[in-house]
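Asks: Sharing a structure here in structure tokens format.
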Amino acid sequence: FLLVLKQSTPSASASCAPTSASLISAFELKGSLRKVGAESDLKLLLGPLRMASKVTDSTVEIDPKSTVGGGVEDVYGEDTATEDQLVTPWTYSVASGYSLLRDPQYNKGLAFTEKERDAHYLRGLLPPATASQQLQERKLMNTIRQYQVPLQKYMALTELQERNERLFYKLLIDNVEELLPIVYTPTVGEACQKFGSIFRRPQGLYISLKEKGKVLEVLKNWPERTVQVIVVTDGERILGLGDLGCQGMGIPVGKLALYTALGGVRPSACLPVTIDVGTNNEQLLEDEFYIGLRQKRTRGKEYEDLLQEFMSAVKQNYGEKVIVQFEDFANHNAFELLSRYRTSHLVFNDDIQGTASVVLAGVVAALKLIGGSMSEHRFLFLGAGEAGTGIAELIALEISKKTKVPVEETRKKIWLVDSKGLIVSSRKDSLQHFKQPWAHEHEPVKDLLDAVKAIKPTVLIGSSGVGRTFTKEVIEAVSSFNEKPLILALSNPTSQSECTAEEAYTYSEGRAIFASGSPFDPVEYNGKVFIPGQSNNAYIFPGFGLGLVISGAIRVHDDMLLAASEALAGLVSEENFAQGLIYPPLSNIRKISAQIAANVAAKAYDLGVATRLPRPENLLKYAESCMYSPIYRNYR
């Protein structure tokens with residue numbers, strides 16, 4: 001066997017290092033080559049190497065010679081080099097011993113068996129005790145529950161993900177209702193705000209203006225070649241927290257953790273990306289711990305060119321079927337990017353389309369509680385950004401589909417309020433293009449309360465990103481002409497929610513059907529316990545993405561979003577309805593995701609955009625069989 005040492009960068013000053021890849025010859029390997037997972041990456045199983053300084057033209061001879069002080073001789077001159085001299089970072093791929101314990105994809109900690117410890121040179125590197133994955137899980141959950149601060153729990157889980165990937169996902173899958181608010185909203189919002197201070201190890205790719213013209217090279221620096229899902233943000237509108245610049249990376253990382261835990265997409269197939277074009281957040285620009293470009297946010301042609309280069313490079317490097325999910329872009333860019341690339345790439349915007357799909361599912365399910373058909377209800381939105389208009393459009397499409405009425409007519413049942421009041425036709429010329437379809441004939445109305453009194457909605461939806469805007473007066477007004485008003489306070493994180501669950505139930509005298517974007521605890525009112533639902537995008541995007549992957553879809557169509565909504569709404573049980581819930585429990589999320597994936601894949605085949613042929617006979621079973629399992633594997 002021959003071991004190849006790869007030189008990462010050339011060095012003129014490391015005089016005793018070879019100037020090209022060198023071969024270690026005449027070395028008897030005690031391990032063997034093995035194939036890792038489903039990929040073709042071969043790793044050498046071997047113990048620690050001691051290298052002496054004798055270098056020939058093509059070989060480094062193995063010699064146990066030690067230095068006078070008893071240490072291994074400084075072969076490559078790292079210790080003797082002065083600070084201004086260059087050294088060569090030689091690396092080799094090892095699948096045993098100390099390196100195996102530091103490979104999060106394969107590390108099992110104390111769960112390595114006695115046989116595995118012998119075969120992979122782990123003797124002495126671990127304590128003598130062995131522990132099952134179940135015992136490790138109980139120990140870690142006990143530790144995490146002792147933390148009082150959510151951000152501490154977030155950091156502990158991040159450290160686990162970087163140390164032992166399978167155990168991290170096992171914890172998240174088995175404790176999803178408890179850990180989802182930590183891994184994602186609301187805690188991820190605080191994590192993004194403090195990302196520079198808690199930053200330890202990079203996760204994902206950072207593509208800044210410095211990489212303009214080199215984006216394809218940057219993508220090739222990522223070690224995985226079979227990427228199926230990319231979540232990308234430019235950090236300009238992180239949740240309801242505004243411009244967090246480069247520190248918005250916490251969002252793609254969190255979303256992709258849910259793609260794996262909830263949707264079953266392999267971790268190695270997921271790539272988080274942050275596009276750093278600066279930030280207009282003065283507090284971050286002055287923060288000594290900020291990790292991004294210290295400049296004002298770039299806009300216009302330079303921004304567009306960087307995004308175009310990124311999208312082209314993604315397609316060139318990963319092919320036609322890689323999902324690019326846009327996340328937390330500001331309104332003016334979110335709609336433009338989705339419109340520009342939806343016909344040429346497999347793109348999905350969770351803030352526009354994912355939110356719309358999960359809310360539509362909640363509304364469809366709620367009809368069993370509030371009565372009537374979709375076309376008989378009136379909808380009023382607070383917030384006319386990407387989430388609000390996205391939800392409104394999907395509701396209009398669903399009504400159009402059910403009633404066979406043109407969508408231009410069904411939009412008239414939906415009203416939106418923005419920062420300037422009710423969107424009406426007299427304001428049309430001054431409106432952004434994505435608001436114009438919602439400008440209906442009506443006299444101007446300046447605030448939400450007056451809009452509620454004028455429109456008399458049966459469904460009130462908040463997507464404003466402004467907390468406590470569903471006031472006592474607003475909730476009382478909407479409850480005055482509805483026996484069971486449907487109130488959805490969708491803004492994240494919790495501090496930005498339009499109202500709390502307690503406020504919704506109290507001000508409606510216990511009659512409201514309520515769901516929110518961030519979780520709220522159960523509420524007791526007049527001796528009855530109400531369990532608030534969570535209209536969480538995590539219900540939709542993991543299963544939606546899995547459906548795209550298993551069908552080999554090359555484009556996203558609105559009918560696929562409707563299929564996802566219908567699948568989710570159909571999974572709400574009578575027991576859930578009895579508790580006032582309009583979503584199924586998150587504890588069943590893997591089964592929910594598989595069903596959504598099957599529905600989305602079926603629609604992709606029906607629309608002719610699926611490329612994975614032949615079509616599986618049972619898409620649900622096929623989806624379940626494709627889902628990643630975090631259970632430890634046994635090693636040779």
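Heads up, the Cβ atoms here are built off N, Cα and C, so glycines get one too.
Unlike curated records, TrEMBL annotations are generated automatically.
As listed in TrEMBL for this protein:
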type     : residues         : note
ACT_SITE : Y184             : active site, proton donor
ACT_SITE : K255             : active site, proton acceptor
BINDING  : R237, N492, N536 : (S)-malate binding site
BINDING  : E327, D328, D351 : divalent metal cation binding site
DOMAIN   : 161-342          : domain 'Malic enzyme N-terminal'
DOMAIN   : 352-605          : domain 'Malic enzyme NAD-binding'
Asks: Rounded to a whole angstrom, what is the C-alpha distance between N492 ((S)-malate binding site) and D328 (divalent metal cation binding site)?
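Replies: With distance taken Cα to Cα, D328 (divalent metal cation binding site) is 12 Å from N492 ((S)-malate binding site).
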Asks: Which recorded positions from the set Y184, R237, E327, D328, D351, N536 come within 10 angstroms of the residue listed as 'active site, proton acceptor', judged by C-alpha positions?
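Replies: Cα within 10 Å of the residue listed as 'active site, proton acceptor': Y184, E327.
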Asks: Compute the mean position of the Cβ atoms of E327, D328, D351, which form the recorded divalent metal cation site, and then list in sequence order the other residues of that chain whose Cβ is within 8 Å of it.
Replies: T233, R237, I238, I251, F326, F329, A334, N349, D350
Asks: Whole-number Å distance between the CA of D328 (divalent metal cation binding site) and the CA of R237 ((S)-malate binding site)?
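Replies: That separation, Cα to Cα, works out to 5 Å.
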Asks: When the Cα of E327 (divalent metal cation binding site) is compared with the Cα of each of the recorded positions Y184, R237, N536, which one is closest?
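Replies: For E327 (divalent metal cation binding site), the closest Cα among Y184, R237, N536 is found at R237.
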Asks: Between R237, K255, which of the recorded positions has the fewest other CB atoms within 10 angstroms in the structure shown?
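Replies: Among the recorded positions R237, K255, the lowest count of other Cβ atoms within 10 Å belongs to R237.
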Asks: At the level of the C-alpha atoms, what whole-angstrom distance separates R237 ((S)-malate binding site) and the residue listed as 'active site, proton donor'?
Replies: 16
Asks: Determine, to the nearest whole angstrom, how far the Cα atom of D351 (divalent metal cation binding site) is from the Cα atom of N536 ((S)-malate binding site).
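Replies: Between the Cα atoms of D351 (divalent metal cation binding site) and N536 ((S)-malate binding site), the distance comes to 11 Å.
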Asks: Applying a 10 Å Cβ distance cut-off over all chains shown, what neighbour count does D328 (divalent metal cation binding site) have?
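Replies: Neighbour count, Cβ to Cβ under the 10 Å cut-off: 25.
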Asks: With Cβ-Cβ distance below 8 Å and at least 6 positions apart along the chain, what are the contacts of N536 ((S)-malate binding site)? List them in sequence order.
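Replies: Those within reach of N536 ((S)-malate binding site), by Cβ under 8 Å and sequence separation of 6 or more, are L180, T185, V358, G517, P519, Y583, L586.
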Asks: Max CA to CA distance in Å over the (S)-malate-binding set R237, N492, N536?
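Replies: In whole numbers, the farthest two Cα atoms are 18 Å apart.
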Asks: List the same-chain residues at least 6 positions away in sequence whose Cβ sits under 8 Å from the Cβ of the residue listed as 'active site, proton donor', in sequence order, or say none.
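Replies: In sequence order, the residues whose Cβ lies under 8 Å from that of the residue listed as 'active site, proton donor' (at least 6 apart) are G254, K255, A257, L258, A538.
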Asks: Based on Cβ atoms within 10 Å, give me the single least packed residue among the binding-site residues E327, D351.
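Replies: Least crowded of the binding-site residues E327, D351, by Cβ count within 10 Å, is D351.
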Asks: Applying a 10 Å Cβ distance cut-off over all chains shown, what neighbour count does N492 ((S)-malate binding site) have?
Replies: 23
